[in-house]
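Quick notes on the structure that follows.
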Amino acid sequence: MAPEGLLSIPAASVVEDVLQQHWTRPRDIDMASRRSEEAASRRHEAAAWLRQTLGALGEKDLPEKPTEEEFLLALRSGLILCNVLNNVHPGAVPKVVEIPVDPALLPDGAALSAYQYFENVRNFLVAVQDKGLPTFEASDLEKGGKCSRVVNCVLALKSYCEWKQMGGTGLWKYGGNLKSAGSGKYYIRKNSELFINSVSRNICSNGKFQDDQKFSSSFNDESSEMTTSHSLNMLVRAVLSDRKPEEIPSVVESMLKKVVEEFERRMVSQNEMVKTTSKDFNGDGSKVISKRRMEMEEENCAHGGKDDTRAISEEKCKQRLAKQNAVFERQQKDIQELKHILGNTRAGMQTIQTNYVQEITTLGRHLRSLADAASGYHRVLEENRKLYNEVQDLKGNIRVYCRVRPFLPGEQRSVSTVSRADDGNITIINPSKNGKEGHKSFTFNKVFGPSATQEEIYSDTQPLIRSVLDGFNVCIFAYGQTGSGKTYTMTGPRDITEQSQGVNYRALSDLFQLSERRKDTITYHIAVQMIEIYNEQVRDLLVSDGIRNSSQKGLNVPNASLVPVSSTSEVIELMNIGQRNRAVGATALNDRSSRSHSCLTVHVQGREVASGAVLRGCMHLVDLAGSERVLKSEVTGERMKEAQHINRSLSALGDVIAALAQKNSHVPYRNSKLTQLLQDSLGGQAKTLMFVHVSPEQDAAGETISTLKFAERVSSVELGAARLNKENGEVKELKEQIAHLKAALARKESSEAEEAAGSLKSTPSVRRTMLFTPLSKSTAWREHNNNSLPRRKRPGSDLQEQLLAAADSPPWPDNSSPCVDSRAGEENETDSQEWVDKVMVNKLDRVGSNGSSLSDWAAVAGPDYLFSRNGTALEDGPSEIGTTDSEDQIVVSSGSSESNPAVSASASKTKKPQQKLAKTPDAKRTPIQAPCPPSSRKLPSRLRLPRGAAGVM
Ligand SMILES: Nc1ncnc2c1ncn2[C@@H]1O[C@H](COP(=O)(O)OP(=O)(O)OP(=O)(O)O)[C@@H](O)[C@H]1O
């Protein structure tokens, strides 16, 4: 059974095709007997109808199954024919010559009879012709006439009669398309057997229809129309007719088998077609579907109309096709609509896409131009900043960078006091004030927000570091209230990583790297000092016992050691030592707060290999103590004293800044150790950078504003263009000669002094003359020390003595040294040259003892370098660079900018007698292994850096 919606396969057509394919060979059929059979059959049919129609009249003369002769004889008189015609169509033959009841009554029976015959037959034939029925010749009724033509005429009349009986409407046509006008259906002959017979009679020996004139012109043409294609029955009959009876079952079986196979084949192909069709349909294949449908239609129609069954199935097929057509058409319509919608959508999408692309392009152009403008703006800003800095450099201004610390864990993260921090501007909100007053803006060379990294901070500092190697003096100091991040910037956090290293570490690392890179052209020697100013006392942090207070009246301040270094790791070691020696106190504000100023000083001397010219640079890295006010730190006692000292030194720094800013002729450097320390950086053509630190806490707003005001003042200070410390080889030689002569002179004086020393005692007044010899400049101490301490002779001490003597009057080239000279007048000449030389002497001391030759630039030496790198203590004892009972006892030489002749003279005077300082056991220098001062800071693993004290790492 065909699936629903599929066209059915007409079984008859299958059978017919099979038969035609397999059994259509020429057959030897006895067509003659078939024809006679057929003729008899038709004759009997005609006779039967005549008998039936005429009743007794016909039955009397016409036998039921007459032979040809009997048939013709019965009709020869024409009487039956006329009566039957009149019966079918009354009045068709107006005059019928009746046969007399008694022929003897006729005058001439034979003649009458012929006349009757003639009259009746003629009238009949005319009437039949009028009706359009097939006729025959009158002679056909004679003996030997063509009976078949007469039979045809009768059967045609019969057909006509039947037509009339069926209503007779419409046109009855002879030989074809006998249609019942109402039904519109093909006429179907009921007597199929007769039909078959009639067809069979016309099959030729080759199985095809013969063009039989008689047949085609007779009523049987109707059936010929019905069999225009091969009829199944005929074929079956044809196939079976020549078979023996015993063969028929096997033939039929084989025939059926073939039919079944063919049927199955068609089913399969139809299924295939359906699948293809549905695929085609699912795709964009409506055309293919239509084509396929057409083929199916053709195929089905080709097989249609062969028989009645086929006609019915054809009708069904047509209906189904019509339905399918409707579905297909609807679907095609839908597809067309969808295509249309798709097309529209596509077009719409394309339009949108085009617009989108256009908009994107336009937007891109806008963005590019905006980005250009922005980058241009930033470029301009950057250029402005550079230009500003250049101008500042040219003017010699102190550079000020401001850094805002982020909120720390545990701090109340309310609103930050800093409302803006970028592009060199910072705005502070003061919650205690309203309106305009509540906002205060400041401008600096650079402002770093809370998120600025250590690397970013350093990148803007780096150029200064290079300057040191180029022979400039540099000072970088960190300012700000306690806990604002000074140590973080200078050194780093407590646990330092590579990323969190502060300026100190990075600066020294850079120094070593750069010096290594330049070693082919310039040979560098680097040495460091580390000191601390605590309670207005200067302490050397690189000696173990230098910070111990051995006197009730004051601190023993050790001489500042100058330690040559050749790598950052060496510096780390020193810084750890310095850190352990630092004074660290706790306050209410920050229990880790360092209560002292610390300074790491890096001295660099470079000699140009080619020219012999010497470059000297010096860098102070200063971590100041917290700038908060005493009251706020809520301290008493010892802490109060510390705070007072810190505040005093910072206000002295403020005074110096103010004097410099106002270009006063007098600058009060001497008011504090701090200002003395920074004297050359603040007023001596050095490159100076101040990091001002800001805490974001609202509580700190007032302090922050005063810190920033101070920084603003600092930034307005013009130091003058920085000066390069470079001298050529010739000058150097001359200086060495002078140094030599001075050494000889000193030796002479020394021996005189030794003689006088026996009579002298150390008194408070003498102590008062002990000069603060900052850092490297311990000449006074040395003088004192050399004169006062008996030196044990060692092998090779002649050379040492000579060098030490020379060190007493070193040839300082200018006053650009960062160091504060303890002597007035000619002593002011001394500068960093001295310490470098001293360092080298110490080096030479060790080298010399190994039998190595001296370096030519180590022309002078001093006893300052009291411990060797391998930890061996020298015998020279402690080198106190100053002792005081109180700050007012300090006598400090003026710096180059300081003009205080009275003090200078006093200093000069105090120096001359070269009071001998009583040597105390405490003052003796020992290798640095002394116990550390208590510190809240956790001291380090190997890389841990000391806090504050400008420690490196
Ligand atoms: N930029 C920063 N990022 C992260 N933490 C910071 C920053 N600045 C400071 N800190 C942290 O804030 C705390 C205080 O900083 P720091 O000790 O450097 O302040 P200080 O100004 O040196 O204080 P003092 O005056 O007491 O020496 C430290 O724990 C430090 O690690």
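Glycine too: its Cβ is placed from the backbone N, Cα and C atoms.
Just so it is clear, the model here is predicted, and its values are computed rather than measured.
Here is what TrEMBL records for this protein:
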- 40-162: domain 'Calponin-homology (CH)' (DOMAIN)
- 397-717: domain 'Kinesin motor' (DOMAIN)
- GLY480, GLN481, THR482, GLY483, SER484, GLY485, LYS486, THR487: ATP binding site (BINDING)
- 747-835: region 'Disordered' (REGION)
- 871-953: region 'Disordered' (REGION)
- 891-908: compositional bias 'Polar residues' (COMPBIAS)
- Item | Same chain, 6+ residues apart, C-beta under 8 Å of the C-beta of SER484 (ATP binding site), given in sequence order | ARG405, GLY626, HIS693, VAL694, SER695, ALA700, THR707
- Task: Please work out which residue of GLY480, GLY483, GLY485 has the most C-beta neighbours within 10 angstroms of its C-beta, and give that one of the binding-site residues.
- Result: GLY480
- Task: Look at the binding-site residues GLN481, THR482, THR487 and tell me which residue has the greatest number of other C-beta atoms within 10 angstroms of its C-beta.
- Result: THR487
- the domain 'Calponin-homology (CH)' (40-162): mean pLDDT? 81
- Message: Suppose we screen the binding-site residues GLN481, GLY485, LYS486, THR487 by Cβ distance to ligand 1 with a cut-off under 6 Å; which survive, in sequence order?
- Response: GLY485, LYS486, THR487
- What three-state secondary structure does DSSP assign to LYS486 (ATP binding site)? helix
